[in-house]
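Working notes for the structure below.
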Amino acid sequence: ILNNTSSRFQVDLVAEAASAADKTPSTDSTLASGDKATPEGPEPAAGGEAKGRFRVVNFMDPSGASPPEVVPAEGFQNGDTVMSEGSLHSSTGGQHHYHYDTHTNTYYLRTFGHNTIDAVPNIDFYRQSAAPLGDKLIRPTLSELHDELDKEPFEDGFANGDELSPAEEAAAKEAAEPKGAVKFGWIKGVLVRCMLNIWGVMLFIRMSWIVGQAGIVILLLGVCRNVNADFALSLVNLVLHFLSVLSCVIVLMATVVTTITGLSTSAIATNGFVRGGMNLSMETHLMKLPMNRSCADVASRGRGAYYLISRSLGPEFGGSIGLIFAFANAVAVAMYVVGFAETVVELLGSVDCIMTDEINDIRIIGTITIILLLGISMAGMEWEAKAQIFLLVVLITAIFNYFIGSFIPLKSKESQGFFGYDSAIMMENMGPDFRGTESFFSVFAIFFPAATGILAGANISGDLSDPQLAIPRGTLLAILITGIVYLGVAISTGSCIVRDATGNGNDTLSAQFMANCTDAACKFGYDFSYCKGDDGQYNCRYGLQNDFQVMSIVSGFSPIITAGIFSATLSSALASLVSAPKVFQALCKDNIYPGLEMFAKGYGKNNEPLRGYILTFCIALAFILIAQLNVIAPIISNFFLASYALINFSVFHASLANSPGWRPSFKFYNMWVSLAGAVLCCVVMFVINWWAALMTNVIVMGLYIYVSYKKPDVNWGSSTQALTYHQALTHSLHLSSVEDHIKNFRPQCLVMTGYPNSRPALLHLVHAFTKNVGLMICGHVRTVNLSNDQTRYQRWLLKNETKAFYTPVFADDMRQGTQYLLQAAGLGRLRPNTLVIGYKSDWRDGDMMNVETYIHMIHDAFDFQYGSVVFRLKEGLDVSHISEQVISLFEDAASCPVLILVSDIALFCHTDKSPQRLNVADQRLLDASQLFKRKQGKGTVDVWWLFDDGGLTLLIPYLLTNKKKWKDCKIRVFIGGKINRIDHDRRAMATLLSKFRIDFSDINVLGDINTKPKKENVTAFEEMIEPYRLKEDDMEQDTAEAQKASEPWRITDNELELYRAKTNRQIRLNELLKEHSSTANLIVMSMPLARKGAVSSALYMSWLETLSKDLPPLLLVRGNHQSVLTFYS
């Protein structure tokens, strides 16, 4: 079977290599994306080329250079050696996409030893884009496996039949990631960054001050094993005072918040393969990209909190918190730089080298510092990572230097308040001593930014080699290590340094005054009480409360602490300076907020956001000019707490939605713990500063409302979508268990629009009275192939702000399809109860069997207990031919300098030489199609309620006039009656309407409704029906019966005579309509009924034609005769 004469043709493996440009593209073979395939060599003589996207060649030699005659046949019969989908990865590292043709003579690949291309499960089929771990493969589609061999599977160029949304188009245009991009592991990429960011400015220059303000707390007796027994005993007694000691409570509270947030971050980060800052839920749109494009790095990098929240809660919350988080990181740069500058200024002050004054010196040094940091950041991630490692080494050395120095008390340091570990000092520092305007939560607000570095690793997720592993491991370990260090520093400083000291070695006590001294320093022979004024003012220069450089005094070698401060501040500033632009770049690439696209552009091999760096630099510089650390820190706290609250809420929300896609591999999380973390963050925000928290929430909600209003065209598989589905399903099931009630009736319309944009007037009118009231389904019966365009037209409805569902069905004819929709459309109680169709204005021009089908659609609706509505617009309804005409004339937009928008349906081209115009009839039709999209002026909606159908004829105009576009229209009611009972009938109807609480402007009783119509109108009716009469009296009975059987729509003489009175009524009603309602904005009228099987289709259609001709827009309504109105409460 392996020679050219007897072998089945083989599938060419179309490789999308980087050198494709050097090869000659095939002219006939087209990929599913619509791009040309590149042949590997000459076309095989026996094979030819397949239709569509595949080319057929001999199996053994894809190039087609030589026939595979020398290969033993049994080599391909062995199921273990056959070339399968799983073994088709590129060995050269190129990105290849393989496609298999099933629509021509093809050698089907072997699966389980059988000839078939039905593929076995393979990880490469589930990749959303090309990845380093393997190549993206396309599994055989259902059409390829199921359709007839001569059928083209893809007509529109997309393998899945979907179009690209604008956001997806923008993503598709992004360039692939260049080779050589720097990638980090969990230690270098996450652990180091988080530790450096958490060990920031607060550790060295504010932690001691926080202990002085808030006191310390008892933690572990084991810490004191090397201290005397009295000291240990005093620790046990102090447990009773736990509630009054707060510095470690501050650290623990911050650690609790960050730990819960770290667990939530880990859960989100492990819910799918994360690559380039994106996971599976974010990458869904990549499946729609053309197959010849490299999708490896469509996602932006470094999304951090923005990515975690937006892909979990959706663009509304994600977009708002993305801006806030990026701004918070930019302000954090200023905080760390100000901390660095503060230390430098103190060093300059110690050698009397102040340039101007303290505040201005901080500003000058801070400005110089951020310029240097900006240069390092813009040099690229590799340089920044090397700097981080060096800074971490210095920082760890400084921390060890402090702890070593704390066990080496020196006499020279005692005047500055450092006496070594002592129970008396610990007792004195145990309780809080808030001074000035400080309180527990104001101190917490200053400290909390020290704990905000937990997302430093997640913020550069695009630069991590394995974010799914690195983020949980690095983040949680960093929280543990830094939390222990912070607690250790809090306990250490509170146990060996007094709150106030003068720095004067002469402030000693003699033995005679020692008995009257109660401070802890008195035990060591010092009296610092004179710097504590009687008026509550403190003038001490040293001690926990007064000297921000306490750790330098305690340390074994103070220059190392200074280097540690420099390392902590600069590393944190550098990390924030890198994080803020990358988060902002990711936000801009998603195109949620217009006008920010310029910041989405990246440069270099790592896609560095240089423009974002400049913006971050400007924001940070503005806050550096404040030059006060305690002012900047609370601003950041609120923004970070808001971010953390939403991250925690994301996990709770995703768990609550119970989506099958929520399967994080990190299991150490709990939805209720995450909710508690979110609530804790919100509470702390308001306790710290209620007005700042309120402002933060207002900003978040304002951005949320903006994004909700704009509705960006993105689909990230968020938990909001999952929860919406869950709630919709739950409520639908709950609704199904409740019986219908008249008070809750609402018209739920099945509108036979065809394509939704084909009959805009019908769509707009029905939408006017169903919007926010009832269900609207746009039904479409297709008698040819059912293409996969449901998503496209549903998107069109949403884009045009039409609250409706598009539901196409495939059927042999219109009636059968309508029956399908009448029976199966909707879900549970959310099912249509009213059929709305357009009037068949061309019924006399075509095949009368179409009229038979049309009339039977109305009969079927009544059979299924539906109400029926027929809408007639004298200009017509169907504008699809106008769209087709315009598209065919101007397919090439480049040839048309000016495209003029006529409506949301069509464009026409205008040129100076030959303006293209629609003909008069089409122009009128197009104008009429937009009639109900505009606001209706003052006028009337005339309701001709001639027959009681349950109230639907009255309910529809009531709902219509309640809408904003129809509020200027008044309801006029017309009813039939007798001349001698006009007043009585009017009062009765007025009473009924008032009980229904329906406003009306007038009630007209038609006493002359039974008057004979004009003779010329009767004559016109008879001339209209003449071609459709059977005239059985003029032919043999058998012939008449045969013709009636073959043409059931024909009108018999007996039928015409039997319904003469009803015919005259329709003619007369048309006369009355022209007399009373010729100027109405809309007429709503009871539809005449025709008994099924007794009235022919042609006669019934003639009634409708006679009744509705030459009138304003007319709705013929007939309910199912079940009450839809009630006056009972």
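Placement of Cβ uses the backbone N, Cα and C atoms for every residue, glycine included.
Sequence annotations record features per position, and here TrEMBL assigns compositional bias 'Low complexity' to 39-48.
Summarising the annotation, TrEMBL assigns domain 'Amino acid permease N-terminal' to 101-154.
Taken from TrEMBL, the feature domain 'Amino acid permease/ SLC12A' applies to 301-750.
Summarising the annotation, TrEMBL assigns domain 'SLC12A transporter C-terminal' to 759-885 (among others).
The annotation domain 'SLC12A transporter C-terminal' is assigned in TrEMBL to 917-1129 (among others). For the domain 'SLC12A transporter C-terminal' (917-1129), the predicted model reports an average pLDDT of 89.
Summarising the annotation, TrEMBL assigns region 'Disordered' to 18-51.
The feature transmembrane segment is assigned by TrEMBL to 198-223 (among others).
According to TrEMBL, the feature transmembrane segment maps to 235-257 (among others).
Annotation comment: TrEMBL describes 317-341 (among others) as transmembrane segment.
According to TrEMBL, the transmembrane segment annotation covers 362-381 (among others).
Marked as transmembrane segment by TrEMBL: 387-408 (among others). Counting residues 6+ beyond its ends, the transmembrane segment (387-408) has Cβ neighbours under 8 Å at 188, 192-193, 195-196, 199, 203-204, 376, 420-421, 485, 488-489, 492, 496, 551, 554-557, 560-561, 563-568, 570-571, 574-575 in the same chain.
Within the chain carrying the transmembrane segment (440-458), a Cβ under 8 angstroms from the stretch's Cβ atoms is held by residues 186, 189-191, 193-203, 206-207, 210, 213-214, 246, 250-251, 253-255, 257-258, 261-262, 265, 269, 304-305, 307-308, 328, 332, 335, 432, 434, 464, 467, 470-471, 474-475, 478-479, 482, 486, 572, 575, 579, 629-630, 633-634, 636-637, 640-641, 643, 684, 687-689, all 6 or more beyond its ends. The transmembrane segment annotation in TrEMBL covers 440-458 (among others).
The annotation transmembrane segment is assigned in TrEMBL to 470-489 (among others). Under 8 Å from some Cβ of the transmembrane segment (470-489) lie the Cβ atoms of residues 184-187, 189-191, 193-195, 198-199, 203, 207-208, 219, 248, 251-252, 255, 258-259, 262-263, 265-266, 269-270, 274, 399, 402-403, 450-451, 453-455, 457-458, 461, 464, 551, 666, all in the same chain and six or more residues away from its ends.
Taken from TrEMBL, the feature transmembrane segment covers 610-629 (among others). Long-range contacts of the transmembrane segment (610-629) within the same chain: residues 201, 205-206, 326-327, 329-331, 333-335, 337-339, 341-342, 359-360, 362-363, 366-367, 370-371, 374, 377-378, 446, 577, 580-582, 584-585, 588, 598-599, 601-603, 635, each at least 6 residues beyond the stretch ends and with a Cβ under 8 Å from a Cβ of the stretch.
Annotated transmembrane segment per TrEMBL: 635-656 (among others), in sequence order.
The transmembrane segment annotation in TrEMBL covers 668-692 (among others).
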Contact ranking winner - 317-341, 362-381, 668-692 against the transmembrane segment (635-656), Cβ under 8 Å:
668-692
Does the transmembrane segment (362-381) reach the transmembrane segment (668-692) with at least 3 CB pairs under 8 A, where each pair is 6 or more residues apart?
no
Counting by DSSP, what is the helix, strand and coil composition of the domain 'SLC12A transporter C-terminal' (759-885)?
54 helix, 26 strand, 47 coil
Beyond the flanks of the transmembrane segment (317-341) by at least 6 residues, Cβ under 8 Å
200-202, 205, 304-307, 309-311, 361-363, 365-366, 369-370, 373, 449, 452, 459, 565-566, 569-570, 572-573, 576-577, 579-581, 583-584, 586-587, 590, 592-593, 615-616, 619-624, 626-629, 632-633, 635-636, 639-640, 642-643, 646, 696, 699-704, 707, 712
